[in-house]
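Annotation comment: TrEMBL describes 14-100 as domain 'Acylphosphatase-like'. Here TrEMBL flags Arg29, Asn47 as active site. Look at TrEMBL and you will find 210-395 tagged as domain 'YrdC-like'.
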Amino acid sequence: MSLLFVKEKGKVKRLHITIKGIVQGVGFRPFIYNLAKSYLLCGYVLNNTKGVEIEVEGKKESIDVFLQDIHVKSPPLAVIEEINFKELPLAGYKEFEIKSSRKEEESFLPISPDIGICEECLRELFDPKDRRYRYPFINCTNCGPRFTIIKDIPYDRERTTMSVFKMCRDCESEYHDPTNRRFHAQPNACWVCGPRVELVDRKGEKIKTADPICLAAKLLRKGNIVAVKGIGGYHLACDATQREVVIRLRERKNRIDKPFALMMLSLEQIKKFCKVSDEEERLLLSVRRPIVLLRRKDEASLPQEIAPKNKYLGVMLPYTPLHYLLLKEVKVPLVMTSGNISEEPIAYQDEDALNRLSRIADAFLVHNREIQIRVDDSVSKVVERKPMLIRRSRGYAPQPLRVNVKAKKCVLATGGHLKNTFCLLKGSYGIVSHHIGDLENLEALSALEEGIEHYKKIFRCQPQVIACDMHPNYASTILAREYAKEKCLPLISVQHHHAHIASLLAEKRINRRVIGVAFDGSGLGSDGSIWGGEFLIADQVEFKRVSHLRYICLPGGEAAIREPWRMALSYLHEIYGDQCADIACKILSGLVNFEKIGVVQNLIRKRINSPLTSSVGRLFDAVSSILGIRGKINYEGQAAIELEMLAEDKEEKYYPFQIIEEKEKFVIDTLPMVKAIVEERRKGEDLTAIATRFHWTLSWIVLKVCELLRDRWNLNEVALSGGVFQNSLILKQVTYLLTSSGFEVLWHSLLPPNDGGISLGQAVVAYQRIRREKM
């Protein structure tokens, strides 16, 4: 039973209580200990591999209030999913104690993410009278590393990377003192017994200094690039106010113009450079400490090279004591970008970091606390006063998501090819991994394989069903296929856009059918074409494709993704036929030469290496090139992002488009819209006005199609997913139009709308199909 009050006539009783959720590594046992003591209850509390086990014996009235307070007064980082209890015969306990952890095989325990430094530890860090004054690894039960140091469960020091550091007498005393904030804080350490910081050169040789952090700050102020070891991996840091240093970091990292993240010391400093709403402020200050995309102030005196052609800066506050010490010394905002060569996974092991980053960094600020698993920074934004995740990683992963299934078999879903995450579905939990990244190289694939093995171990999950994307050549699909074959397990392929909608339904715990709108760059469709502008009638089991954008050629296949001008030419060819060459040469003249236009036009005409696509992402690419914004991209989604940056957030007239019924589907013809954009461009119309009207037209298309589908299918809920809905303008406008028309609108809040969320959808669809087949 799960009742709050115990109905019992007797004056003294004994209860056995089990609590599930994130209740380890968050100060829960000390909380229970002190709570029981305050009500004069006897018994014990311990960690096991299912959660926390408690026995209390005492007055009935005291136990009633004790149970209430578990809910009301639990530690801020705790997440209580379930409380169960049963009455037992009196045992005659004489005191209340914390017992040693009990290990049980094949059990499941949610694990806390890494948590940003708390206010109390921050005060101690800069208090000259405190024994941990300026200690870079100060922590307590309310903050510090968790997931990135755990080797196994239950969460005790001997099963973390802190096991090699034996606590000194003072730390040991705190650890065993129930009244102390560090009571049973597993990473507890100090200057005497804990990890140490060093500054080393590119060869890994120690640089002699009494204060490595002060010297690192001095190097940064002088224009050096310093690799900084954090909680989940290395950052590459430089002074964000020095333009030439930012450019040098781009050259060395081979990151041409993808925006850099910034770290600033305080909210006050952030507000000098960015506009910050109340919701954005709360997100910045939250214990999760993500990078938050903030509107840059026009007068902000930071180099444009930090985020070229972008109105926003990705900013985070320090989240470790080491960060605070460094930022306090350097006094200026720092670029804090992932410690990798562009498109590779973040470096987290010291030797690997020296090997990979020595051509980029001038020095390395390192420490000797081992990182068990790499975890990159999370990225978020606020849309319509609600937080949205763009990348779910540090601070969020591996916190499980409660879903509305009870999976009797563990499902492993390997996710997509870009922005990869994987997911383990166990019981009523979807455990979506930290951000792995684009599976474009062996390092990324190794990171995926390492992550899967680690999660299997710490979550006690041996997969019995494997799920993957339909695309046979995705690295994640190949891995799933090989794993299923090796283990003789069923393999279930899930269509990409169905996985998008299913992930949102699982996140919202909805099993019923909805109108699903999945807009993104690409995903293999059931008909063998490249989808990406899809309207589905979908639930967690199956889907029906009921509307989509008109097919258009993708000239050169993947080359058209890297070179958006090809998509512009494809649309121009559909509109103007063989006469498109002259128009293309005028409109695209600054982006590509005439000879290439002729070659690609020939590919389109003869349909050579030109698969069909219905992608909204490719439509964005085409319009971006027609407006002269971007002919070639240097990172995924760049053309669409720069087009969004050009547009304004206001209502506009919309361009013409057609919705044609073909074979029980509504096909959306955007050629009239593109033709109108071309004509306005040729007349010299303001580019901002065109970009704004384009966004507004796409939003109206969603409304008109959804109204047709509501009439036909009698459904009023619309689920929005896919990378296009990271676009704040599109999401706001679509939500406004749909709600004004009476629709209920769903969009992501716990997972990214991009491919970083689809692994949960794959897992849930696979399990539901297996379950249905056996019914």
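Placement of Cβ uses the backbone N, Cα and C atoms for every residue, glycine included.
The Cβ neighbour count for Asn47 (active site), using a 10 Å radius over every protein chain in view, is 25. Shown for the domain 'Acylphosphatase-like' (14-100): DSSP residue counts in helix, strand and coil, namely 24 helix, 38 strand, 25 coil. Taking Cβ-Cβ distances under 8 Å and a sequence separation of 6 or more, the neighbours of Arg29 (active site) in its chain are Val45, Leu46, Asn47, Val52, Ile98, His184.
On the 0 to 100 pLDDT scale, the domain 'YrdC-like' (210-395) averages 97 in the predicted structure.
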